[in-house]
Amino acid sequence: MTHILFAVLVLALLALAFGIILGFAAVKFHVEADPIVDQLDALLPQTQCGQCGYPGCKPYAEALANGDQINKCVPGGDATMRKIADLMGVEPQPLGGAEAAAPIKKVAFIHEDQCIGCTKCIQACPVDAIVGATKAMHTVIADECTGCDLCVDPCPTDCIEMIPVPTTVDNWKWDLANVAIPVKIVE
């Protein structure tokens, strides 16, 4: 019985000692983070897709804080770009670059008759929009898919295709900038 109590006491003392060392190290080696980077990172969709040219959302937030273009986040879309513009105090820009028109939103589509159930696409999807099991066909949850295109390359049978999102009453947007509204002048 004393051996058990001794072992428990030794482990408790070791835990206390390592806790004190870790606490000291956390205070001694603390790195101040830029609050604007944290705010920008919170606005980004956290898909870690890399379409902006950076390996994830945090590096893109750091680049934004250093003056990079605010319109590179394709999965975040126009709404995210406008929130970033408001936070940074700059004018909104067209998505994808000043010379580019707004990109057509696409989602992944799996040709289920060709799918071998290897799960490589599931592992590549940063938002878990692909469901399926090993050696069973997979499918994409279209409402969750951001169109990041990361699932296409790992597929060994090339059964994944990026297709445009069909226009429905849920996603249709009226281009009010190009609509002429007749005005009757009352005197």
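Even glycines carry a Cβ here, placed using N, Cα and C.
When DSSP labels each residue, the region 'Hydrophobic' (1-26) comes out as 25 helix, 0 strand, 1 coil, counted as helix, strand and coil in that order. The region 'Hydrophobic' annotation in Swiss-Prot covers 1-26, and the record cites sequence analysis as its basis.
Helix, strand and coil counts from DSSP across the domain '4Fe-4S' (32-90) read 30 helix, 0 strand, 29 coil. Annotation source Swiss-Prot lists domain '4Fe-4S' at 32-90.
Less than 8 angstroms from the CB of Cys49 ([4Fe-4S] cluster 1 binding site) sit Val74, Pro75, Pro126, Thr146, Cys148, Asp149, Leu150, each of them six or more residues away in the same chain. Taken from Swiss-Prot, the feature [4Fe-4S] cluster 1 binding site covers Cys49, Cys52, Cys57, Cys73.
Remote same-chain residues near the domain '4Fe-4S ferredoxin-type 1' (106-135) are listed as 47-49, 141-142, 144-165 (criterion: CB distance under 8 Å, separation of at least six residues from the stretch ends). Sequence annotations record features per position, and here Swiss-Prot assigns domain '4Fe-4S ferredoxin-type 1' to 106-135 based on sequence analysis.
The 10 Å shell around the Cβ of Cys155 ([4Fe-4S] cluster 2 binding site) contains 21 further Cβ atoms across the protein chains shown. As annotated by Swiss-Prot, [4Fe-4S] cluster 2 binding site applies to Cys115, Cys118, Cys121, Cys155, with the evidence given as sequence analysis.
In this structure, Cys148 ([4Fe-4S] cluster 3 binding site) belongs to neither helix nor strand by DSSP; it is coil. Annotated [4Fe-4S] cluster 3 binding site per Swiss-Prot: Cys125, Cys145, Cys148, Cys151, in sequence order, evidence recorded as sequence analysis.
Among the features that Swiss-Prot reports, domain '4Fe-4S ferredoxin-type 2' is placed at 136-165, with the record citing sequence analysis. Away from its own ends, the domain '4Fe-4S ferredoxin-type 2' (136-165) comes close to residues 45, 47, 49-51, 74-75, 104-112, 114-130, 171 of its chain (Cβ-Cβ under 8 Å, at least six residues beyond either end).
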Field: Distance, Cys57 ([4Fe-4S] cluster 1 binding site) to Cys145 ([4Fe-4S] cluster 3 binding site) (CA atoms, angstrom)
entry: 17
Statement: Helix, strand and coil residue totals from DSSP for the domain '4Fe-4S ferredoxin-type 1' (106-135) stand at 5 helix, 7 strand, 18 coil
Message: Suppose the [4Fe-4S] cluster 3 site is Cys125, Cys145, Cys148, Cys151. Which further residues of the same chain have a Cβ inside 8 angstroms of that site's Cβ centroid?
response: Cys49, Ala108, Cys121, Ala124, Pro126, Val127, Ala129, Ile130, Val140, Thr146, Gly147, Asp149, Leu150
Task: Do me a favour and check the Cα-Cα span between Cys57 ([4Fe-4S] cluster 1 binding site) and Cys125 ([4Fe-4S] cluster 3 binding site); whole Å is fine.
output: 15
- line: Of the binding-site residues Cys52, Cys73, Cys125, the one whose Cα sits nearest to the Cα of Cys155 ([4Fe-4S] cluster 2 binding site) is Cys125
Task: List the same-chain residues at least 6 positions away in sequence whose Cβ sits under 8 Å from the Cβ of Cys151 ([4Fe-4S] cluster 3 binding site), in sequence order, or say none.
output: Ala108, Cys121, Ala124, Cys125, Ile130, Ile160
